[in-house]
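Student: Relevant sequence annotations retrieved from TrEMBL are reproduced here:
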- A:12-30: transmembrane segment (TRANSMEM)
- A:42-65: transmembrane segment (TRANSMEM)
- A:86-110: transmembrane segment (TRANSMEM)
- A:122-140: transmembrane segment (TRANSMEM)
- A:149-166: transmembrane segment (TRANSMEM)
- A:186-207: transmembrane segment (TRANSMEM)
- A:219-240: transmembrane segment (TRANSMEM)
- A:269-292: transmembrane segment (TRANSMEM)
- A:304-321: transmembrane segment (TRANSMEM)
- A:341-360: transmembrane segment (TRANSMEM)
Amino acid sequence: MKRYEFNEITIMQYIFLISGAQIGIGILSLPAQLADIANTDGWIAIIIGWLISIIASTIIIKTMAKHPQDTIFDLSRRYFGRIFGTLIHLAFVAYALLASMTVVFTAIHITQVWILPNTPNYLIMILFMLPGFLITRNGVRVLARYAEFVFYLTLWMPILIAIPLQKGTILYMLPILKEGWAPIFQAVKTTVLSFLGFELAFVFYPFLKEKKHAIKAMVIANSISAFTFLLITVTCFIFFSPDETPSLIWPTLSLLKTIEFSFIERFEVIFLSFYLFVMSTTGIPYIFTTVFGVSQLFGKKDHTIVLIIAVCAFILTSFLYTPSFSHIQTMGSWWERYGLWGAYIFPIFLFIYVSMAQWFQGGKKK
Amino acid sequence: MKKYMYVFLCFLFTTGCSAKTQLDDLTLALTVGLDTGKNGKLLIYSVSPVFNKEAKNIYEVIRTLGVTPRDGRSKANAFASGKIVGGKAQNIIVSKTFAKTHDMFSYLDVFYRDPKNSTTANFIVFDGPLKDVMYIRLDDKPRLSVAIRDVLLTAHKSKQTTKINLLEFRRLSLDRAQTPFAPILRVHKGDLIAGGIALFNKQRKYVGSLSQKESPYFAILNKNIKPATSLTLAIKGLTKQKEYVSISIEKGDFSYKPSFQNGMFRFDVHIHLGAILTETTTHIAMKKEKKKLEQLLAKEIQKQLEAIVKKMQTYEVDPIGFGLYARAYEYKPFQKQKSWSKAFAKAEINIHPTVEIISYGVLQ
């Protein structure tokens, strides 16, 4: 029985959906955070983070593969019973809600600081929610198509980032392993969190058409993200001096500010306008997960009503509450703390639990 | 439902109509100047073009007294002909006396912090009070801001001075291993002249300068010889009388080798320059004397390079970035130094230039 037949997505769409969710707001500040902890050795931490995230996503896929038609919401009900299952269900919904709030509010804040300083944030919120609503309403397939489309649409951006690379000083990168491995391992905690987004496989895996390639797809998605993180971080490191990078909040954007052609100035405005697409592929899957999770909780098949309520709630919130930058940072750190449990530790326990349960049932398939 | 959506979307296109800004309603500060005013206050100049057919001058200069650049701008808005916009700034000029006594970062902060401001504006030190340049009459040149930029770029290309923008200035200032520098502009008999290099210390204060004559050598040490660096050297020894030889350096190979011995840094700098002989005041038999001429030129260049390195060491500044090599290859001792500038001042620097004459023109 295939429950999500109408919404099946191809392997490519799945890859771009996951890597789209990974590349979002974190990348704008990642180089500064890394330079703060590990100086210019921070890029090594990205590679380690990449390996860890691949391991974690493999565990998620292995768990999900035991019941290929189940999302995490169905799985938690199946294994943990009504009460505990609902609790896990709620926790995951809360996590996705927190993530989508963080992404949306950060995106609004960045837009206000860099592009539209005089526009009130509820207006930007309405503009963000309009496409968000249209895409989320149509379910996973449209969402994945959108992710793929955005990926092709933004392929030129890494090339642009490489322009400042020519003016960089490679000497900044030396010596490698300045202070040994200790700061690098400390930085791994940050890089691991910038890979957050693969845990959405918990929700999107059942929609995948060719499930035997799922692990390969996860590896590719993580690699796309890792490559992007590496490119931007290394560019920032050799363009700004090592002591300067931590002093910038969004080094990636400061980097773009320096690109100037004789016919255009303040290139970061154009870049950021396009980057809103990239941020939307992070925010919308989380919004979808929230809405999908809530409608599953009530046993509803169609999630449009929940979505309308959610969108209205988002817009209403932005009317009443304009988060300051420090609030956004707090929100981000909550997400990261939550994400560390939700995406790295929880899957391991879940995998062990599910394997044990199956073993005790003696291979009896339900 | 869908139809209404499209109608609604059409309205979004009209959002730009209400908050439009006309170009001639703005005062675009293309050049910003900072100088010391009365009572230790800050004297802020801003030069902006005037887009009005009836106005006699093609640019206006606004002078205000304030405590910070942003404070000065708010005051200037009181009598500017339009709202002042800083995002198009091309030049940031500070006077030498101002740069000597003030930490530059306290006054440049607004350019870095406000993302609407441009960080690619040229940073320039002006030798003399700023009113000399702000009220200069340049009848045969374009608008002042453009003229300053043009003079600077031309001088930079021929290595008479250097060029640095705000962003690079910040990068050098914040790096432990380097110190910032800036081009010098001055007014001589009603002409704008860009020449020489101002050196800043770790506290971002002006400490000294390299003359216009020393600038090409600074460029060589900085590995910045493209498109071509032309030098005129006085050499003796080839013929009996004093002779001048001009060369144009086309390419260079550089190696900076740092080492650390007995609590002191040591740099062995090998520079191999490929040059074209462009002029000699006396006849030199090139076929025979090429080797000797090359050695004499190398010796003269070495003298000049050593002189400017000595100068930088006495000022305790490292605009070349010797510290970068020290950090990259001698990380442990570098990290132990409390202040790289102090360590650099004590360092032993050996410069060994070699010159190869690639061609000597169409004469024998």
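The backbone N, Cα and C atoms fix where each Cβ goes, and this holds for glycine too.
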Student: When you check the transmembrane segment (A:42-65) against the transmembrane segment (A:341-360), do you get at least 3 Cβ pairs under 8 Å, counting only pairs 6 or more apart in sequence?
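Tutor: Per Cβ check, the transmembrane segment (A:42-65) touches the transmembrane segment (A:341-360).
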Student: What residues elsewhere in the chain lie close to the transmembrane segment (A:122-140), defined as a C-beta under 8 angstroms and at least 6 residues from its ends?
Tutor: 4, 6-7, 9, 104, 107-108, 111-112, 116, 146, 204, 207, 276, 280, 283-284, 287-288, 291, 303-304, 307-308, 311, 314-315, 318-319
Student: Are the transmembrane segment (A:341-360) and the transmembrane segment (A:186-207) close, by which I mean at least 3 Cβ pairs under 8 Å that are 6+ residues apart in sequence?
Tutor: yes
Student: Find the member of A:149-166, A:269-292, A:304-321 that has more C-beta pairs under 8 Å to the transmembrane segment (A:86-110) than any other listed stretch.
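Tutor: Most Cβ pairs under 8 Å with the transmembrane segment (A:86-110) come from A:269-292.
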Student: For the transmembrane segment (A:149-166), which partner among A:186-207, A:219-240, A:304-321 gives the most CB pairs under 8 Å?
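Tutor: Ranking A:186-207, A:219-240, A:304-321 by Cβ pairs under 8 Å to the transmembrane segment (A:149-166) puts A:219-240 first.
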Student: Report, as numbers and ranges, which residues of the same chain sit near the transmembrane segment (A:186-207): CB under 8 Å and 6 or more residues beyond its ends.
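Tutor: Contacts with the transmembrane segment (A:186-207): 3-4, 7-9, 14, 17-24, 26-27, 30, 33-34, 37-38, 41-42, 45-46, 48-50, 52-53, 56-57, 60-61, 64-65, 68-73, 92, 99, 140-141, 144, 214, 218, 221-222, 225-226, 229, 282, 285-286, 288-289, 292-293, 335-336, 339-340, 342-344, 347.
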